[in-house]
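Feature annotations, courtesy of Swiss-Prot:
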- 1-29: region 'Disordered' (REGION)
- 1-11: compositional bias 'Basic and acidic residues' (COMPBIAS)
- 146-399: domain 'ABC transporter 1' (DOMAIN)
- 857-1099: domain 'ABC transporter 2' (DOMAIN)
- Gly893, Ala894, Ser895, Gly896, Ala897, Gly898, Lys899, Thr900: ATP binding site (BINDING)
Amino acid sequence: MSLASDKKDADVASTTTTAQDDDNLSTYHGFDHHVQDQVRQLARTLTQQSSLHQKKEHTLPEEGINPIFTNTEADDYNPRLDPTSDEFSSAEWVQNMSNISNSDPDYYKPYSLGCYWKDLVATGESADIEYQANFLNGPYKGLKTVYNTVVPSTASSKDKNFKILKSMEGAVNPGELLVVLGRPGSGCTTLLKSISSNTHGFNIAKESTISYSGMTPNDIRKHFRGEVVYNAEADIHLPHLTVYQTLLTVARLKTPQNRLKGIDRETYARHLTEVAMATFGLSHTRNTKVGNDLVRGVSGGERKRVSIAEVSICGSKFQCWDNATRGLDSATALEFIRALKVQASISNAAATVAIYQCSQDAYDLFDKVCVLYDGYQIYFGPAGKAKEYFQKMGYVSPERQTTADFLTAVTSPSERIINQDYINRGIFVPQTPKEMWEYWRASEDHADLIKEIDSKLSDNYDANLAEIKDAHVARQSKRARPSSPYTVSYGMQIKYLLIRNFWRIKQSSGVTLFMVIGNSSMAFILGSMFYKVMKHNTTSTFYFRGAAMFFAVLFNAFSSLLEIFSLFEARPITEKHRTYSLYHPSADAFASILSEVPAKLITAVCFNIIYYFLVNFRRNGGVFFFYFLINIVAVFAMSHLFRCVGSVSKTLSAAMVPASMLLLGLSMYSGFAIPRTKILGWSKWIWYINPLAYLFESLMINEFHDRKFPCSQYIPSGSVYNNVPADSRICSSVGAIRGNDYVLGDDFLRESYSYLHKHKWRGFGIGLAYVIFFLVLYLILCEYNEGAKQKGEILVFPQNIVRRMKKERKLKNVSSDNDVEIGDVSDISDKKILADSSDESEESGANIGLSQSEAIFHWRNLCYDVQIKKETRRILNNVDGWVKPGTLTALMGASGAGKTTLLDCLAERVTMGVITGEVSVDGKQRDDSFARSIGYCQQQDLHLKTSTVRESLRFSAYLRQPADVSIEEKNQYVEDVIKILEMEQYADAVVGVPGEGLNVEQRKRLTIGVELAAKPKLLVFLDEPTSGLDSQTAWSICQLMKKLANHGQAILCTIHQPSAILMQEFDRLLFLQRGGKTVYFGDLGDGCKTMIDYFESHGSHKCPPDANPAEWMLEVVGAAPGSHANQDYHEVWRNSDEYQKVQEELEWMSNELPKKNTNNSETVHKEFATGVLYQCKLVSLRLFQQYWRSPDYLWSKFFLTIFNNIFIGFTFFKADRSLQGLQNQMLAVFMFTVIFNPLLQQYLPSFVQQRDLYEARERPSRTFSWKAFIVSQILVEIPWNILAGTVAFVIYYYAIGFYSNASVAHQLHERGALFWLFSCAFYVYIGSLALFCISFNQVAEAAANMASLMFTLSLSFCGVLVTPNGMPRFWIFMYRVSPLTYLIDGMLSTGVANVAIKCSNYELLRFSPAANLTCGEYLGPYLQTVKTGYIVDPSATDTCELCPYSHTNDFLSSVSSKYSRRWRNWGIFICYIAFNYIAGIFLYWLARVPKKSGKLAKK
């Protein structure tokens, strides 16, 4: 079977199919790159199922033959069974496999599965209306949600729950196809999920019965999950895998034990993959990446085929397809359904398909149909009887309306036609969902259905159940548990997933290479930073040795932090494959870990070898390998920990908060920043549970044990003390013993950290235990954590609007048209709403002053050329046309004909290539104001999710209507637009995101509304306004366009194969064939008669009276799949009388229209309607409102700020003025900056969302300039960062105790104010660097990596880890250019300066004075030389106690910090912020502002 003929397929040339047998019946040969040819073959071959069986009996032996051929020259070779042959026929292959299975039932164990349900009721939590969370109510709303989850509600279950599906019944027997029809929101998706046992997010009532030929949904979920499969709309795949790799993995995981005799597992899997690719037209894409929205790969249509091929390989007996034909035209959708029919007939499988736009030919293939209306089942039965059933009910089917469209139109009050005869005769016609449901339940068809279901449910299925179980066990591999739903064993799952993961790594090897090179570079940079101070193995290296070791363990441990990103990419795929019973999620998790081991080892080897030897750690083989072993344990322990965090989090942003908190806690309590002996009592437990603490301890013992470090500095020192006895001076290092000229490493560790050598291997053992513990925990979480549950669509309103609506008692009448929120609406209110809406639609637009187009827009000989691989390709070829006020013009053509390209050229939206020809407005060239004088409704509905409908419309009106129009007039005009678009019910609803906000139709109306609110004076372009919509919504959008045209608006609209009824709404048609060539431009006429007459008069076959004129025309010109034109209709057009008339009209327009009087004022021709300052004001207000209504973003910013600063503040709580206290205060300032990464990563996605919306919609329509966009981003972010900086200051400054230093120095106010300025400046700096990095980067991850690198380098060279005096001369420039140098210097000096130091008892150096001297006399010369330090008791003669420092300013000098530079430092840091913002603005202009527009080339 084939799927959509997409843009890639469109370029494939078709060849004529010839009959290949005596029955003049062409055989279906599968799919290779000639997709269209094959579509036609399949369509012609499989129309009659009996013919198919007849054909098979003539060509295949009853017992079947082995289809895996090793020799194509052998006598038994059948090319129709060989997927690599051009003659391959998938239908014959399926029949052959069925024959083989039936020939040996004891081995292959064939079986079948049907599905029967009775009294099926689905319920969801009542939430049809929500108030919008904002910065103030966000925490309350979140706590209320948690409370409601934890504490059972006292409300009745009726209040809490509502029925999504009301009581319904159904039966799908083996070999049958069921189509489910209904408008969006009717419950189609919920029904499919219910009968496929995928009920996340809603509940099935206890009284409901669902039977799968005797099995319960619980049996399916636990033991036979793979037999019942639900295929969702979205096509989610691993983007970097090729099509072949994606499908081969599925085939390997589904290869049965009872496969073809004599064929090994791998050969069978490869054959199955080849068959699937040949069947679905994917053979030519085998080595192409599947891709996604960001990764370039196969086309959208081909990706849809990959999804279908996956399900096909799974071989499920009951398949549920949710809108699987979305985005496919009717011809290719037909082929998909035909192939489903063949599969059902031959393999005895059953399928249920929910479909939105269903052609008559497709409908006729279904055995049964189920019609849903707002959760009510209003018909279930034979597809052939449904139309008659509703006609009997009292509804009329218009001429040329398909049966499927008629059945869904019955559920739409605005579209259904009630039989006038019934009304005249007073016969009751059911109209509300409940009335139709009651009519259905009283009908004979319902009674027949109940009889069928009861007979099926009462059947004895014991034999059938045993058959299914035997078949399942026979398919399972040897080591698989019989009760397991999976086909292959756990070990084989890991093996195949490991292969898949290695493919992924190979396909994206650039990432691994970047990590290796990046980490190696960091090893060189960091290692060389310590090179000078670690050159000599003396006591002077003690601090730096600890710092370097701390850096090593942190860098290795946190190198796995970014693994969280990849977890979220793969999660939906794993969840999908779990429902297909391909593998355990834990098997995928374990394979993922194993596959990354080589990359981790290579990265660790490259980093650690370079770093270890450059830093000059201990040169000993055993010591090095122990160092490497400990760091490898750190890598895996943290990798598994971060994976655990990711697996319990619903979203990436939710995972980053705990990950950031862990990062801070683990690093601060590792033993370096604050030694274990100095940790405050209440927080010691953090050290005991911290794996990094034990690993750091082992590394330090490994480095220092059994070493003598020569003393680098003695106290006292100087020429006066050269001849004093050894016990009269001491080494200045901790651990020194009086009289020794060295310090033992073990003594230093014991005194400084309380580390003992006997604990060396303890760290390794505990680290390994953590690795195993986190691994097991991660696998358990992956296996049993269901991930984010899907929500139904709900309308969201701002809280003040909700209050007002409650007062007006409107809430019960407001409902979003969707699947999971339509609750029980009383019959009366339902009728009232129907009546109200019909009254409003009658009145709406009667007296509305919509903008009327006055000018005629016309183009002549329009050509568009682009360079592709050094060749010039013509996309549009001499296209002519016009759009007049009050007309609705359709633009049609096959995929790849250039429809959207023509719109973009006419609207000046192309940024590459060369456009030639004439494009004129009333005979004059387009001016700068043209882009804002038109409305352009894109195919994607792009809106700001936090705005309401009314706010979105007003924003467009304020900025795009002329500045001289008053605000009152603009507001009134917006109200007019709301009325004509019939959006009054949800005018104050928040746009939201799909699922929580407006539904598809409402979004499409808003898209049109935003363009109308701009009051376009020329015309409105609409690109595919009906794509992805059901036929009823498409109809309502088309009616809306007609209404606009009737109000004098000029409209040009591209449309993809409209229905006959839709087609009749248009006035004119411009039809393009492939290559951008015109085939027809002219009136359509009543019932498209003018257009039909044109083609019939120029040699086409007659249009059948019941045919869709659009499909007939596509077939005539050879644009439908498999069709061929009997002549070149472009040449026919160029030689026709109609073409000459078009040329004459265009000539008249060019000559006469310029004579019209037009407004030539300067404001009319400006690029933007309003000034830059006004734009900045409005855009900033909107952005501020967005921030206010995004509590997740703001509260995570403040939560992180509060947590980080409380954590740091209470770790170093009220640090004293001892040496350790000063060290702690310096490290506290250093740790203050680690919030940089988490805050930056939160901001970047927010900016990217804003920018994408601006560049896709607001910039092309000239709503506001790029200057207003970028300046508003800066202006709105700064106040929130200042607020966060203020919160940080209040917590941090007082907790650490900086205020007490200022108080003692009598500088409380100045130093407090300056510290607050530094704190705010740092938070603003984070925002400025984020803007600088993202301004020119396309994706947030790239900007985050760049900013993280810059921050790491700034932090490394800021002077804390290594003082500038200790750095190699080469790196001094880095110290000077690092912005954190000035921040930390300023904060530290402001925090601790001008106070006396008081050493703790253990920090005092003790030694004996020279004979007959007091300590004061003995140390006097030394203290005068060093100018710091104090003696505890100068008069002592026995033991001198000396504190090395006497004043905090002396300590500051030792770390190159000075209090006198405090204001200079703040000023320099502010300059860095200004530089970041200015550079960000410049880089945005340089990289992302278009320097040319799609203007016409000068001739």
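Cβ coordinates come from backbone N, Cα and C, glycine included.
Cβ contacts within 10 Å of Lys899 (ATP binding site), excluding its own Cβ and spanning all protein chains shown: 23. The average pLDDT computed for the domain 'ABC transporter 1' (146-399) is 86. The Cβ of Gly893 (ATP binding site) has 25 other Cβ atoms within 10 Å, all protein chains considered. For Thr900 (ATP binding site), the count of additional Cβ atoms within 10 Å of its Cβ stands at 16 [all protein chains shown]. Residue density at Ala894 (ATP binding site): 25 other Cβ atoms are found within 10 A of its Cβ, drawing on all protein chains shown. Under 8 Å, Cβ to Cβ, and six or more positions away along its own chain, Gly898 (ATP binding site) finds Tyr864, Ile875, Leu876, Leu1072, Gly1075, Gly1076. Neighbour count (other Cβ atoms within 10 Å of the Cβ, all protein chains): 24 for Ala897 (ATP binding site).
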